[in-house]
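> Pasting a structure below so you can have a look.
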Amino acid sequence: MSTEPLHVALPRGPSAAAPPEEVETVAVPRPERATTRRPALAAFLRRPAAVTGLAVVALFAAVALAAPWLAPYDPDATSWTAIRKAPNLAHWMGTDENGRDVLSRVIYGARASMLAAALSAAIAAAAGVPLGMLAGLAGGWVDAVIGRVVDAMLAVPFLILAIALAAFLGPSLTDAMVAIGVSAAPAFVRVARGAAMDVATNGYIEAAVSLGNPPWRIALRHVLPNIAPPLLVQATLAMGIAIVAEASLSFLGLGQQPPEASWGSMLNAAQRFMTLAPWLAVFPGLAVFLAVTAFNLLGDGLRDAFDPRAR
Amino acid sequence: MRDRFLSRLLQVVPTLLLVSLMVFGLQRLLPGDPAVVLAGDQPDPAVIADIRHRLLLDQPVVFQYLHWLGGLLRGDLGFSWRIGEPVSALIAQKLPVTLQLATMGFAVGIGIGVPAGVVSAMKRDTVWDWAANVIGLAGISVPNFWIGILLILLVCVDLGWLPPSGYVPLTQDWRLSLATTVLPAFVLGTNIAATIMRHTRSAMLTALDQDYVRTARAKGLGERTVVLRHALRNALIPVVTLGALEFGTLLSGAVLIEQVFSIPGFGKLVVDSVFNRDYAVVQGVVMVTAVLFIGANLVADALYLVINPRLRDA
């Protein structure tokens, strides 16, 4: 962005109706477009916990993307000579009941979790944000109807709604992601509605309305960019929730199906061999815990960074 | 106060109607003809036709919904074709088990969360506060079914202190009942303790900053009295509402915990029904859960009005 000063025309005399030749220009500092973003970035970077969260999320994303190159073994390759081996130099996290390398499966499991996190949050945002904005900006009966629907969805606890949806849609990772996304949408409706109502009271929205902008343009060009910070925080927290939800559904057998690796389904299998191979229960659970903690740290950090009072 | 509560009660009616519509609509998500899906391994046209007739699938959707809703209002949640019992009877059998777990879990959550939140606020910016925040973050992030598995390994398998699975009803042998439920209830409770701790800390910090606390201190009251009689009393008001919201977390958590500890409750019923394709049971469980959750919220609203003197006079 240019930092050149703006040349603003100022009338020389007391009357604004002075002829053009009498107008002189003075240099005033160019307003910083990112005045609200840069302090937020600085505030975010000052929080070690938030930066650590971002780094760990980035690490998990990198592991998920580079799984074929990082995994030491084929995650689905069974070996009758390596059944339930404790962690050792050849298999850092040991092997499972079919002789598969646990480390390789944890690495591939990151793919299911990160994919579930990203897609579920995207589905929830795609469904929830337009509805929330519509409710917040339209008000009246539209707001009342959307509010009642959201209340009804929130009346069913998150995981039970996701289980019910997954039960009827069918057990698969894709359907689990849809179920999680739909179940998480009401939270986005609430956040978008509140933020949109808040933004709608600003003078620039009034100005945009009086200039004759159509409602869709006001919503997309003026409201949406200004409600992005709370939505970003909600999306980050929703991704953490989605990772636990995906692991929970896979643990119950409603998510990723064998032999594909998923942290939840690995924990399900580990239950049967708890006394013989306790390491099977440790590493996938630790991966879920670390990933969710990282998303929560990142979400908390973003919320504090965007909140001027917390700065 | 009474008008405020009555208006809240009236708002519940459309919410419940929408929940019923949503639960009824779940069946429409089934890929293909529900009668064919329900027939499962018996795709005999006669069986399919019989199912279609018995479930009224040959009737218009609006009629099907109104018939189902009428049943709901009479306490009829449908029939489980797999188990051969009415859904309401099945839920009535399993619900007390889950409610026992949830109540014990709630007590654990309050028992850990409130004192930890108070200590964290009192010792703000000390190692105690830092430790409480770290444990709180961990509590929110950790999947409870994983903690359940690890605790079974440690407490039941390695130390042999408690039975690793199973359930004995309270009415049969209360000691054995507590022994089989204390660990799952602890796991459930730790899950909500972190949230309760965070809210108590925040509410306590606000309360400790108020004029009435400064006045109490200026009067020469002991710190213990100031904290327990003045600050905590006010700080607990928002925590009561949160407690009701956490009831939903307890019910969700129970689904997983009952699987891990093989407890034959509400959660195990819904998961078993999913795999048995016993859709009427799944619908019944979702409906009853919503009613319970809405009921818990109403109780919280009532309590909120009762314990908050400012709203009581409004």
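Even glycines carry a Cβ here, placed using N, Cα and C.
Those TrEMBL annotations? Automatic predictions, nothing curated.
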> Out of B:6-26, B:174-194, which range is noted as transmembrane segment by TrEMBL?
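Within the set B:6-26, B:174-194, TrEMBL attaches transmembrane segment to B:174-194.
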> Six or more residues beyond either end and a Cβ under 8 Å away: which residues meet both conditions relative to the transmembrane segment (B:101-122)?
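Long-range Cβ neighbours of the transmembrane segment (B:101-122): 128-129, 132-133, 135-136, 181-182, 184-205, 208, 227, 232, 235-236, 239, 243, 246-247, 250-251, 253-254, 257-258, 263, 265.
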> With the transmembrane segment (B:174-194) as the reference, which stretch in B:134-162, B:235-261, B:281-307 has the largest tally of C-beta pairs below 8 Å?
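Most contacts with the transmembrane segment (B:174-194): B:134-162.
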> Near the transmembrane segment (B:235-261), which residues from the same chain, at least 6 beyond its ends, have a CB less than 8 A from one of its CBs?
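Residues 97-98, 101-102, 105-106, 109-110, 114, 118, 143-145, 148-149, 152, 164-167, 180, 183-184, 187-188, 191-192, 195-196, 199-200, 203-204, 206-207, 267-268, 270-271, 289, 292-293, 296-297, 299-301, 303-304, 307-308 contact the transmembrane segment (B:235-261) from elsewhere in the chain.
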> In the same chain, who gets a Cβ under 8 Å from the transmembrane segment (B:281-307) while lying at least 6 residues past its ends?
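The answer is 1, 4-5, 8-9, 12, 15-16, 19-20, 23-24, 26-27, 72, 77-78, 80, 82-83, 87-88, 90-91, 95, 236-237, 240-241, 243-245, 247-248, 251, 266, 269-270, 273-274.
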